[in-house]
Structures are given as C-alpha cells and as structure tokens.
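**Q** My questions all concern the structure below.
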Amino acid sequence: MAVAMGRPFVIQPCLSSSLCFLSKNINKSSFGAAETFLPAKPSSTRCTPVVVHAQQRPTWLPGLDPPPYLDGTLAGDFGFDPLGLGEDPQSLKWYVQAELVHARFAMAGVAGILFTDLLRVTGIRNLPVWYEAGAVKFEFASTRTLIVVQLLLMGFAETKRYMDFVSPGSQAKEGSFFGLESALEGLEPGYPGGPLLNPLGLARDMENAHVWKLKEIKNGRLAMVAMVGIFVQAAVTHAGPIDNLIEHLSNPWHRTIIQTLANSGS
C-alpha cells in the first residue's frame with residue numbers, strides 16, 4: 001500500500017488483456033546507482049488515475065486515524081479519546097467545557113502554589129506549605145464563614161456557567177448579571193471575554209481566536225499534569241515543590257525521582 005506524507009500521490013492501475021511489465025534501466029555513476037522504472041507498452045492499456053491525499057492532521061500518536069467525531073475543529077483536538085467518551089455530541093460539548101474549567105483551575109493552582117512556596121522558602125513571607133494552608137485559622141473570619149461564602153460565590157458562578165452552556169447567550173442579556181453584562185460580553189460558552197475577563201482584547205472575535213484557544217488548552221493540560229506531580233510529590237516527600245527543586249539541584253545525580261521513590265519505600 002503506497003503512503004505519501006505531505007503531498008498527494010497518484011496510483012495508475014493498468015487494465016489490459018496482456019500483463020504489464022516493468023523494464024528497468026539502471027544508470028550507474030561514481031556516487032551510486034539510480035534506477036528508473038518504465039512501464040512496458042502493451043497492445044491495449046487503459047489507465048485510470050486515482051488521487052489519494054495523505055493525512056496532514058497531527059495526532060497524539062503519529063499514524064493513528066482519529067475518531068470521526070474528532071474532526072479537528074475543536075481547540076487542542078489531536079484525536080485522543082481511547083475510551084470513546086465523546087461519541088455522543090452532547091457529551092462531547094460537556095467534556096470540552098469540563099476540560100476547559102479544570103485546565104484553568106490547574107493553571108491558577110500551579111501558579112499559586114509555586115508563588116507562595118517561593119515566598120515561604122526565601123523567607124519573604126511567613127507562609128505555610130501549600131498542603132497545610134487549608135488548616136490555617138484566619139483572624140478576620142472563621143473557617144465556617146469562609147466555607148459558606150465560598151460555596152455561595154462558587155455556586156453562583158457555576159450556576160451561571162451551566163445556564164450559559166444549556167442556553168448560549170442567555171446570561172449576556174440585560175439584567176441577567178447585576179448590570180455587569182457589558183463588562184463580560186460573552187461570545188461563546190466557556191469564554192466570557194469582555195473588558196473584565198479579557199482586558200487586553202486578545203481574542204475579541206472568538207471565531208478567529210483558534211490560536212489563543214489552542215495555547216490556553218495546551219498550557220492547561222500541562223498544568224493539570226503538573227498538579228498531579230505536585231500532589232504525588234507532596235505525598236512522597238512531605239515538602240513543597242521549591243524545597244524539592246532545591247534538594248535536587250544540590251546533588252543532581254543522587255537526588256532524583258528514583259532515589260526518592262526508593263527511600264520512601266524502605
């Protein structure tokens with residue numbers, strides 16, 4: 001089976017009452033041999049050209065054919081769905097929004113953990129390590145009050161997001177967001193935009209903002225993987241990511257993940 005990468009190729013089957021033979025003409029040079037194959041001229045030949053286009057779309061595994069429902073129109077679509085979760089169109093839309101939200105939380109979480117851990121390690125601020133921050137008692141409010149306030153604020157935001165997912169554009173109508181609709185100017189579910197959430201105006205036209213969507217989802221996926229690494233790292237070493245980095249740099253050949261896992265198991 002002929003395969004071409006990056007350009008179309010032509011297959012010409014020969015149909016004849018007699019067999020089609022290939023004559024070989026070998027031209028030798030000082031650098032090697034070049035072979036030219038010329039079709040023989042049968043008495044009666046009918047050739048039908050067939051043009052086959054090579055696959056141009058990048059996939060998560062080179063040479064793998066993506067599922068038909070992942071046609072490359074989604075941002076960050078590289079045909080990865082081994083469990084077939086996106087076969088249903090409605091489920092696919094929900095999974096896209098779920099991944100987007102988790103990616104944004106992961107990016108914010110990684111940035112917050114690294115920033116506060118850097119302040120703690122350098123001694124600029126007296127802060128707890130990130131996995132103990134939730135147990136800190138604040139003077140301005142009790143833990144119960146903070147939980148209630150967080151549930152109310154997050155519940156309101158998530159409810160509005162879900163309503164916009166079910167009925168796109170419904171939350172941008174006048175009076176639906178305490179008069180702040182003009183500050184959001186949501187153009188697409190999952191992308192509120194506007195001067196409040198898009199102050200630099202990088203993607204005002206969402207239809208032509210595919211590059212920005214791709215950058216966001218790529219960074220978000222990397223952040224989700226980083227969060228898993230930070231979780232595992234804290235469970236094994238009982239230290240923050242900056243502490244682990246400093247320990248590794250102090251002795252790069254003997255302070256690696258292999259030695260850390262070996263010492264944790266012993």
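Cβ coordinates are placed from backbone N, Cα and C, and glycine is handled just like the others.
Please treat TrEMBL annotations as automatic predictions, because they have not gone through curation.
Annotated chlorophyll a 1 binding site per TrEMBL: E99, H102, K215, N219, R221, Q233, H248, in sequence order. For R104, L184, the entry in TrEMBL reads chlorophyll b binding site. Sequence annotations record features per position, and here TrEMBL assigns chlorophyll a 5 binding site to E216.
Show me how these features fit into the shown structure, please.
**A** Around K215 (chlorophyll a 1 binding site), no same-chain residue at least 6 positions away in sequence has a Cβ under 8 Å from its Cβ.
For R104 (chlorophyll b binding site), other Cβ atoms within 10 Å of its Cβ number 16.
The Cβ of E216 (chlorophyll a 5 binding site) lies under 8 Å from the Cβ of A75, L100, A103, R104, each of these being in the same chain and 6 or more residues away along the sequence.
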**Q** Out of these binding-site residues, N219, Q233, which one has the fewest other C-beta atoms within 10 Å of its own C-beta?
**A** N219
